[in-house]
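Heads up: the structure comes next, in structure tokens.
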Amino acid sequence: MFNLKNRNFLTLMDFTPKEINYFLDLARDLKRAKYTGTEVQRMKGKNIALIFEKASTRTRCAFEVGAKDQGAHVTYLGPTGSHIGKKESAADTARVLGRMYDGIEYRGFGQEIVETLAEYAGVPVWNGLTDEDHPTQILADFLTIREHFNKPLNEIKFAYVGDGANNMANALMIGAVKMGMDFRIVSPKEIPTDATLVAKCKEIAAETGAKVTITDNIEEGVKGCDVLYTDVWVSMGEPDSVWESKIKLLTPYRVDMNMIKMTGNPDAKFMHCLPAFHDEETAVGKEIKEKYGLSEMEVSHELFESKYSIVFDEAENRMHTIKAVMVATLGDQ
């Protein structure tokens, strides 16, 4: 057992491998309890504030359902539902909400915002996504890998393919080195991963037995991998010029059936944090088709819908792992 009561959950950098495994074990146990109808509520009477400066499907639903399952009440503060950063500073917001709520989730922009909330709130603060990191997603990813592979995380070979500069590349690398994994970022040289973070992760890897490889060579990067992972290439609201340059650079890095074959591993799996641009069935998908002539972006539709894809198991596990974070840091033990 680990006492994580009142701890903030801002980045996996703040946790030991044993503590991360504790979150994963707790999530597994909570998932089993939910499935069997034996869940014990450990957050009765708790009040939780959910601050979303960016829209969300999985993260919001995971926090709301997880809290409800555990007997807590939530207040959702959407992109237009609070004054944070506009009329009121993050520090002031934290001191107000910390007097009314038992825990605060933040999904938004800079990592410094969630860190400021944590500094001033006086209650546990959880990072639901920032521009630099996405730690709750990594717990869901690792729980899903545990469920699909009969070997420990430190024997997993894992490649993140695509935009090496985005928050998922950062977050996965942090989690992977903590857990001793063979981790590769396969990305064009023109989109480099943060050098300071890479250096820090290599220091951790030296202690945990992990391996970190940054390469633009797809064949070399995915060889022998158990998991191929990708994320969207561009974010909504970025200018057309960014879309054009990113698409040109990243189209060769689309994860497809051929790339799965390149792993040489018949048991390889495909993962994605979602949403994914794999067809023309969305407004964005249609716009991409009209502007750039592409029916699929970071992943082929064929692979997304194939037996190799475990993206919906991964999405479900967002709820179980987020619930574990809340129970571990706020629940009655």
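The backbone N, Cα and C atoms fix where each Cβ goes, glycine too.
Values in this document were obtained by computation on a predicted structure and should not be read as measured data.
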Which one, Arg28, Arg32, Arg318, is listed by Swiss-Prot in the same carbamoyl phosphate site as Ser56, Thr57, Arg58, Thr59, Arg107, His134, Pro135, Thr136, Gln137, Cys273, Leu274? Arg318
Tell me, in order along the sequence, which binding-site residues from Ser56, Arg58, Arg107, Pro135, Gln137, Leu274 have their CA within 10 Å of Asp231 (L-ornithine binding site). Leu274
Just how spread out is the carbamoyl phosphate site if you go by the largest Cα to Cα distance in Å among Ser56, Thr57, Arg58, Thr59, Arg107, His134, Pro135, Thr136, Gln137, Cys273, Leu274, Arg318? 16
Would you pick out, from the binding-site residues Ser56, Gln137, Asn167, Ser235, the residue whose Cβ has the largest number of other Cβ atoms within 10 Å? Gln137
Between Gln137 (carbamoyl phosphate binding site) and Asn167 (L-ornithine binding site), the C-alpha gap once rounded to whole angstrom: 11
Any idea what the Cα distance is from Pro135 (carbamoyl phosphate binding site) over to Asn167 (L-ornithine binding site), rounded to a whole Å? 10
